[in-house]
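Heads up, the thing below is written out as structure tokens.
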2 protein chains.
Amino acid sequence: MPQLGLLPRRAWAALLSQLLRPPCASCTRAVRCHSQVAEAVLTSQLKAHQEKPNFIIRTPKGTRDLSPQQMVVREKILDLVVSCFKRHGAKGMDTPAFELKEMLTEKYGEDSGLMYDLKDQGGELLSLRYDLTVPFARYLAMNKVKKMKRYHVGKVWRRESPTIVQGRYREFCQCDFDIAGQFDPMIPDAECLKIMCEILNGLQLGDFLIKMAWKDVRHEMVAKKGLAPEVADRIGDYVRCHGGESLVKQMFQDPRLSQNKQALEGLGDLKLLFEYLTLFGIAKKISFDLSLARGLDYYTGVIYEAVLLHTPTQAGEEPLSVGSVAAGGRYDGLVGMFDPKGHKVPCVGLSIGVERIFNIVEQRMKTFGEKVRTTETQVLVATPHKNFLHERLKLIAELWDAGIKAEMLYKNNPKLLTQLHYCESTGIPLVVIVGEQELKEGVVKIRSVASREEVAIKRENLVAEIQKRLSES
Amino acid sequence: MPQLGLLPRRAWAALLSQLLRPPCASCTRAVRCHSQVAEAVLTSQLKAHQEKPNFIIRTPKGTRDLSPQQMVVREKILDLVVSCFKRHGAKGMDTPAFELKEMLTEKYGEDSGLMYDLKDQGGELLSLRYDLTVPFARYLAMNKVKKMKRYHVGKVWRRESPTIVQGRYREFCQCDFDIAGQFDPMIPDAECLKIMCEILNGLQLGDFLIKMAWKDVRHEMVAKKGLAPEVADRIGDYVRCHGGESLVKQMFQDPRLSQNKQALEGLGDLKLLFEYLTLFGIAKKISFDLSLARGLDYYTGVIYEAVLLHTPTQAGEEPLSVGSVAAGGRYDGLVGMFDPKGHKVPCVGLSIGVERIFNIVEQRMKTFGEKVRTTETQVLVATPHKNFLHERLKLIAELWDAGIKAEMLYKNNPKLLTQLHYCESTGIPLVVIVGEQELKEGVVKIRSVASREEVAIKRENLVAEIQKRLSES
């Protein structure tokens, strides 16, 4: 179907609205006139289409491509995150990009309106996944899995108004780690917090703090443990004044709390959690936040968010406001929403906000003028002479077959200088050079791009020699 | 919105059709009766909803989850494919899952109807990407990139009627490698065929053949090189009788062709390609196919497809018909369709059909009863005694901080046998055991799960000892 540009489409609409009015004597001429215009518009449209497409080339609102440079940075971040998840024994998993719409209904509360729905093309009603948590719960319920520690890296989609400067996109990548199953209290919760710390330390984003939502802690104590609201608020006074680390200790020294049996019970889980966090060496990274509140409907317990205290600012670097870079919490009821009999599988997990982290790392690299290699090529196969394409092709196939990462220029007779420049601009460390002299003597030259040193070696020793050099570097 | 189950929804429809008939004396009683039924249905519906959701839990038609076992297989295939792409100097890249619908229009011919459109939610008209080639061309045109060697691994979506047995899904993963740019003829084309061979060899799927579409080769010769159709058909006779390897040589020995200047010119590119394929050592893997035809509109030159000659069949294994496992070709016009001035960027590339390969590998593993580990955990931190949770937590944090992949059971007091069973069932090779005796002596035991040997080592040497063992294994 030919593309109609925006402006002419509007002209068409105006025209149609004219034509659809019941004809009267006074407008007959106008109609005829319009139909001539229509014909002219159509003709010019078809002509324009034959010459060139009539639209601006861009990606959809709130989305972007990742260039090779960005891809390298993204991959480094993901590698670090995934290797941490694997260090903690998580299994990988994947789910489809879209779900039956009814699977996602009633899971996100107010945010449901931000879901991308697919057009009804005569089949099922589908929506793009909004997070990785609900598909995980659906997977557990569908397969009757009662226990699982898994990670999932994937894209999710939300129709938020995109504030791209702050790293908010409508398509973005999430890295989730979750522990499903009935276990002794607070052990998996503490591990989730430990994982957050390991990842944020590993990414070297500067100092950070993990804030637990006090409102949720209080709610847990009052509604679930039966603590009197006034006792909970006394605990709240501590939360207001102190950080997380020494908090529990101090509360137990307060006779108003430590001599109150109910208070002690209410504090039990919190005490346990901070004990474990202390053994993990991360208790001082956790504090309470009085303003934090649950973002999504499915959380049932304490939620937490990791914030950077200040992004690493150096001379000339603009400080970035990035907000939360990781979040998580307990959602004991979600799996039960899918189960026909409502059987619950308690879950706790966390999600790493890759886009925001990506923005920080990218900006930092720009500030420091850091360059990344976008390829991993180890060797360029080059020649100083004409008519050496066949030799280069034979040579490079040998390297490829030996697992060596090699490139050559796709020209019959490239200039040597062009070939050497290519190495310098793309960071290839070694050049293998074959020319008339080398061919006659049964050797090839290996040149180090950095030192410009060249050595001749026997043709048959080439692969072994390169492998030796690469293993040494 | 409460979910109404399928059956009651049908009941409602029947009821409504009754109610919408104009009332007459004879049916008044029926209506009253029906409205009582309706009320009962509604009540039971609301009640049912409170008790449990009323739908079947499943993924959308033509899609599936990947379990941890499947994920391991998938990752191994992708690793092999991507490492081949990197070996050939390709850069990584990513594009959004959906594009503006107009970007995809007129690119897929008849297949356009298989695109997934997103619902118009008051913004742009969007479609899920149908392949990775068109987004790549859009990227090149949008960023005015004239030269690029990139790979892209990502999901694409097609509303085909799914024949899941044969490995056709509506959501599936593609691995693409493409070379964009104006280069000397047939060098990038030969590299693409070399890559296909390397990947199919590497995956050890058994013997394979890459078939070039003869129709396209003939079209190239006649329409673009001006070869007389009868001469092209004489070449066709060779194609019909012989494979690819010696074909060109034989044709040049035929005086009817070798003494025809036009024929020689028409054969030029083919000769060049087979020269390069011979230097790459893969000429015998390439043959012509008389029935193959272009699947997609955007191909402009020769297309090729890789087929497995027979899937590896062993005792008891069902032979699988898998069709093409890789495909590619030249598409010199696609980028120009996006460029306002129609500037062309010649491109050649290939796409690996991961799903089909996955099915073969998965079936083979089932046949041989091969098991895969779904985690990479190296150490389980265990205890034979009660009240050793704190010790285990301290110990495991030390291992994590040293980069060692470690797990523990999330129980306050797990039984030793349960812990050892966990290692055996999940394939964890080492156990670190701390108990009363060990604590007193300042040691921990390291147990090899396979040999059941245990040695005591000093607590402070634990990390070093484990790292030593892991590097040796």
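Yeah, the Cβs are placed from backbone N, Cα and C, and that goes for glycine too.
What TrEMBL says about a protein is an automatic prediction, not a curated fact.
According to TrEMBL, the features are:
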- B:Asp131, B:Leu132, B:Thr133, B:Arg158, B:Gln174, B:Asp178, B:Arg294, B:Tyr298, B:Tyr299: L-histidine binding site (BINDING)
- B:62-384: domain 'Aminoacyl-transfer RNA synthetases class-II family profile' (DOMAIN)
- B:1-27: signal peptide (SIGNAL)
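Distribution of TrEMBL features across the structure.
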residue  : record                   : Cβ neighbours (10 Å)
B:Asp131 : L-histidine binding site : 20
B:Thr133 : L-histidine binding site : 25
B:Gln174 : L-histidine binding site : 18
B:Tyr299 : L-histidine binding site : 21
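The average pLDDT computed over the domain 'Aminoacyl-transfer RNA synthetases class-II family profile' (B:62-384) stands at 87.
Under the three-state DSSP scheme, B:Gln174 (L-histidine binding site) falls in the strand class.
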